[in-house]
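Pulled from Swiss-Prot, these are the features on record:
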| type | residues | note |
| --- | --- | --- |
| ACT_SITE | Cys198 | active site, nucleophile |
| BINDING | Arg23, Arg178, Arg179, Arg218, Ser219, Ala220, Asp221, Asn229, His259, Leu260, Tyr261 | dUMP binding site |
| BINDING | Asp221, Ala315 | (6R)-5,10-methylene-5,6,7,8-tetrahydrofolate binding site |
Amino acid sequence: MLEQPYLDLAKKVLDEGHFKPDRTHTGTYSIFGHQMRFDLSKGFPLLTTKKVPFGLIKSELLWFLHGDTNIRFLLQHRNHIWDEWAFEKWVKSDEYHGPDMTDFGHRSQKDPEFAAVYHEEMAKFDDRVLHDDAFAAKYGDLGLVYGSQWRAWHTSKGDTIDQLGDVIEQIKTHPYSRRLIVSAWNPEDVPTMALPPCHTLYQFYVNDGKLSLQLYQRSADIFLGVPFNIASYALLTHLVAHECGLEVGEFIHTFGDAHLYVNHLDQIKEQLSRTPRPAPTLQLNPDKHDIFDFDMKDIKLLNYDPYPAIKAPVAV
């Protein structure tokens with residue numbers, strides 16, 4: 001089955017992973033250096049052993065492709081993946097006068113009473129981002145995140161580089177170039193970033209009329225994050241191939257630190273007990289070619305029949 005490389009990775013970390021303390025104080029079992037390969041001609045690699053919300057993956061990738069860095073677009077599509085990063089900026093500001101939100105990530109997981117207050121404040125924050133332009137501009141914008149790095153990389157000269165746009169043009173004109181690379185890792189920015197890029201670099205490769213993509217991911221949350229990452233970069237491969245008139249080849253996923261959080265072990269064991277089902281297929285709007293013009297309705301997933309979702313706490 002198409003998702004078997006993911007299941008093999010999870011089992012390997014369960015069997016061979018080294019225990020490590022981590023930034024979130026949760027603890028992980030990890031391995032260093034691993035690679036998965038997915039043949040995209042055999043289906044779309046959205047996991048079937050648990051339900052993965054493809055709508056969130058679509059809206060997040062479109063957010064990146066548009067070069068957007070403000071969570072308003074995500075909120076308009078009921079996507080809350082990036083809420084906490086913007087909310088943190090708000091509650092640390094001099095303008096915030098609500099309940100104490102210090103260390104809200106950990107406290108909301110351990111204290112049900114605080115969690116209720118936190119969710120109420122987050123709902124108020126999201127509503128203001130959606131309906132107050134000035135507030136959204138100040139507190140909804142995340143700055144140097146993937147959309148900015150891919151589409152408007154800031155140079156030391158004060159201008160910007162559209163890395164992804166430039167690479168797509170190179171694929172069309174020089175498909176066999178070995179420089180078809182988009183990087184999100186800027187050492188100058190890392191010390192001041194809320195979360196340095198986990199997906200640090202990806203490279204395209206053209207052969208026999210097929211487009212492949214390899215991602216290097218420095219840090220990977222195997223249970224919660226990696227299923228999203230696989231589908232997101234597989235979708236990106238499809239979209240770029242679509243614009244460039246190519247078929248899809250492989251998505252190759254290379255990891256640095258690939259880890260399972262201690263509080264995800266029961267969940268991944270439950271997932272590994274399930275037998276994978278046939279992979280779904282992807283359908284793109286044939287009447288659109290510029291991927292930067294795509295919207296939600298232009299991307300459809302067909303024949304997705306997953307097992308139920310498995311809930312797990314997010315390490316923050």
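The backbone N, Cα and C atoms fix where each Cβ goes, glycine too.
Swiss-Prot feature annotations superimposed on the structure.
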| residue | record | Cβ neighbours (10 Å) |
| --- | --- | --- |
| Arg23 | dUMP binding site | 10 |
| Arg179 | dUMP binding site | 10 |
| Cys198 | active site, nucleophile | 17 |
| Ser219 | dUMP binding site | 20 |
| Asp221 | dUMP binding site | 21 |
| His259 | dUMP binding site | 28 |
| Tyr261 | dUMP binding site | 23 |
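The subset of binding-site residues (Arg23, Arg179, Ser219, His259, Tyr261) lying with their Cα within 10 Å of the Cα of Cys198 (active site, nucleophile) consists of Ser219, given in sequence order.
The binding residues for dUMP are recorded as Arg23, Arg178, Arg179, Arg218, Ser219, Ala220, Asp221, Asn229, His259, Leu260, Tyr261; their greatest pairwise CA distance is 36 Å. Following the DSSP three-state reduction, the secondary structure of Ser219 (dUMP binding site) is strand.
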